[in-house]
Amino acid sequence: KSVVQVIIVNDPRSRYPLSSLLEGYRCVRHDEHISYGNLGDSVPPFGLAFSSARDLQNILAAANEEGIVRLYNTESREYPLLKAWLAHENAVFDIAWMPGEPQLVTAAGDQMARLWDVKSGELLGSFKGHLCSLKSVAFAPEEKAVFSTGARDGNIMIWDMRCSKKDGFYRQVNQISGAHNKAETNPPSKTKKRRGGMRGMAPSVDSQQSVTVVLFRDQHTLISSGAVDGVIKMWDLRKNYTAHRHDPVPLQTFPYPGSCTRTRLGYSGLALDSARANVMCNCTDDSIYMFSVCGIKTTPVAVFSGHQNSSFYVKSSVSPDDQFLASGSSDNHTYIWKISNPELPPMTLQGHSEEVTSVAWCPTDFTKIASCSDDHTVRIWRLHRENDEVQSSLGEANLVGHARPKILPRPSIPAETTPAKPQRRVSLGGIASPQPAACAPSGAALPLSSSTTTPNRSQDSKTAASPQSSASSTPPTEQRAKRRLETGDGSSSNCEGTEQCDRVTELSPAAKRSRTLAWFVGIKVVGGPRSSLASSSSC
């Protein structure tokens, strides 16, 4: 039995189906943590990850736009903040724990990845080779020395810590250049061997065809996604891709299965189930496609919809029992679908006031979900199974987030519908109902020993600082450029080898549903879209 089934069977008060248990998720004030920057102002957090080490399974790592990494003990209510340090002097876009160890790797906008010991705060190594910002990092399963990174330069790099350093940096041992280059109209010329070894090879730069996510399926197989080609690719890492001059050939590809007509479509997140048999792919067409990576079928086995995804920062996570899929969204909610029945309306975790980016389901505890948002907060959602009286003791003032089933509007009946012409099914997407985010203190007890200096943030001890108070401050390059991985706003780039790194135009939100439709279902829509649809038609 799964964790959820055991909870239901053992709870005599349970009278509801499995999915109804999700309505018990709540976020209270002491589980809301503001993401502070170097100067004490609040900044967006980007990456979230729970540790897999035996004695650290309740530890959550969160990285933000100014390069600060924080560790939270999700079992402690009084002093949740364990440690904080400046990992990079630039935005940290992704973070990954070494399997079973108290060490993690950060991937940042300074074109480097770094390995850290979280107990001592010691920098164990730097990994240099990319020519643009790193967007994703992932360890090989059950392999502590090997990990992969994907970057805006369009390249995937494989790193092995057992290899010697060069000039004080680790160098890549394998590289897939132009991993997600968009197919050209002219057929590629015959593949030719590259002269010389990989050591003398300079990585190619194509920031318009960024690699957005990398994820190991097993020790020898890597899954990746891009920003513009709309294709999920699997790579056999036993092949030396650096020996070829032209576009590398993947082991298997999963072409875009949707009906969106935009010329540039990409994926913002990848998540595998525990059996590593199915991969969930967050697409910027407002759908999540589930592909089987065990066979030859390249069409999705399930599609999850009802949310909005208009950026390359929205991630997803699978529950530890493989029954549910949680994802962030551009309409300010965390969504939860039942994997075995994707047609069911999703559950929403409501409380964030801006785009929900990264989501992490605790791999050892079904009752905990972490989320981070552009409202500059990290939240821990906990499953409360108490009765209504105990639940009410939480108090409205202390409750900053709650779960609600997704309300889908009734389909309208077309005028031409007659007994001879039955009503057509009308599928409508999700309608956002943004809720104001409350502020909370972030305690600072540090039981872990530290040899590094914790960034000075005088506001960390404040109990009522507003995350939005500093959102309008002028951002430095690349950090505050977050938004966007690929906007053409003229902000400076971290790409080398080119005069100016042309950014990919970010796929902005599909048009919001009409206010009339929102009124029809009784939901008030606050504000408008954060950005307009750039250079493309809506899906």
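Keep in mind that glycine also has a Cβ here, set from the backbone N, Cα and C atoms.
In TrEMBL, annotation is done automatically, which means it is predicted and not curated.
Mean predicted confidence for the repeat 'WD' (85-126): the pLDDT average there is 97. Feature annotation from TrEMBL assigns repeat 'WD' to 85-126 (among others).
Positions annotated as repeat 'WD' by TrEMBL: 127-162 (among others).
The annotation compositional bias 'Polar residues' is assigned in TrEMBL to 176-189.
Per TrEMBL, the feature region 'Disordered' maps to 176-203 (among others).
Under the heading repeat 'WD', TrEMBL lists 204-245 (among others).
Annotated repeat 'WD' per TrEMBL: 317-347 (among others), in sequence order.
For 349-391 (among others), the entry in TrEMBL reads repeat 'WD'.
The region 'Disordered' feature in TrEMBL is assigned to 394-501 (among others).
Residues annotated as compositional bias 'Low complexity' in TrEMBL: 432-477.
For the repeat 'WD' (127-162), DSSP puts the residue distribution at 0 helix, 19 strand, 17 coil. Within the repeat 'WD' (85-126), the DSSP-based counts of helix, strand and coil residues read 0 helix, 24 strand, 18 coil.
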